[in-house]
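Note sheet for the following structure.
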């Protein structure tokens, strides 16, 4: 859409009542975000259940903390980088086919991990899983830009990210319950049942995606013409004043030449750093306080996720109302950095340790909700995909290095103290980079209603 056409959409949008616009977006959110929420819960169960399975995998497959995390992240990361570019094809083949393919493959591969018997099979399974899952996260972020203008994006992204919290809240007790009650059922070990029962639903959900999702508002049969017009006008008004890129061959290169893309990549890298502690080490940290019952560990592991979910909703709402991103991101990150630095000094107290994990969860969920609302605010439609892809790919450095480093440090020193302190410092540095290097006037967002 041209700049003139986008500008013409603004008065059309203003002629409609605030209540009518909100009603349309509630309808869109109920339809799309319910499905995406459940899909992401199933996706993130894989990250939660591996933290509970690691005790059994180390025993049955003969791997140390360092070996388990280094090899797993190495093969996962390499194929993730290959597959991460696939989400750009979402614009060509559509969200329905893309999400269907990703979910069916990851569900089947995740369930197949129940039948691995050697470390090599574990590495292969994780590599294939990384390739299958690649593109889901950035693809969904891009998909949301087809439906929601910038002023709504942090809040709607936070609802999407609530699925991660839900996966932690559900996954901990569920994994603990399966590991407790499925010991030697039908001749299979408890961790085998966990992978099967938590993997296959994703494949089923993938098939459902083909029949349930549509690629863009124009194709939605569940919207009438006026509702479609409201959404399209809101998106057009959001694009008003942005410089269009007409040469698609150079659109991605234009995004990669923007130094703010690399600053945001550094900021995004801090999020998986926090996620490493929360998603992979929470059960271990809780067990180290003296709590050994796997079901109790699972129940207590939900506390940080609950706190993080509540904080994310409040942070995202505040950010959207004020149309301010940088400070919200920084203070979210700083809170988690403090929690990571304090955690090594309170390992004997379950209550204080869980409090520190909750602080990290606030950082993890709050920062993730904010940072993905920044790129679309200053990148036009054609370069947004390139910018989001670059940020996601470069930010995976944090996701790649953190588990390896923590695993190695824990194996060598017998403690997570040094690793947690280093992560706290890196997280704070990433937050400061976004706050200082991204100009506030670069985030050209406009409120679309009087909210």
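For all residues, glycine too, the Cβ spot is worked out from N, Cα and C.
Note that this is a predicted model, so its numbers are computed, not measured.
Of the listed segments 94-112, 151-169, 170-188, 227-245, Swiss-Prot assigns transmembrane segment to 170-188. When Cβ-Cβ distances below 8 Å are used as the criterion, the transmembrane segment (331-342) is approached by residues 267, 270, 274, 277, 311, 315, 355-364, 366-367, 370, 420-421, 423-425, 427-428, 430-431 of the same chain, each at least six residues removed from its ends. Cβ atoms under 8 Å from those of the transmembrane segment (260-278) belong to residues 47, 168, 285, 304-305, 308, 329, 333, 336, 340, 343, 357, 360-361, 363-364, 367-368, 371, 374-375, 378, 387, 390-399, 402-403, 406, 420, 423, 426-427, 429-431, 433-434, 437-438, 442 of the same chain, restricted to positions at least 6 beyond its ends. Counting residues 6+ beyond its ends, the transmembrane segment (354-377) has Cβ neighbours under 8 Å at 141, 145, 150, 153-154, 157-158, 161-162, 164-165, 261, 264, 267-268, 270-271, 274-275, 277-278, 282, 285-286, 300, 303-305, 307-309, 311-312, 315-316, 319-320, 325-326, 328-329, 332-340, 342-343, 346, 384, 387-388, 391, 427, 431, 434, 438, 442-445 in the same chain. For the transmembrane segment (170-188), the residues of the chain that approach it from at least six positions outside its boundaries are 41, 44-45, 48-49, 52-53, 56, 114, 194, 197-198, 282-283, 294-302, 305, judged by C-beta separation under 8 angstroms.
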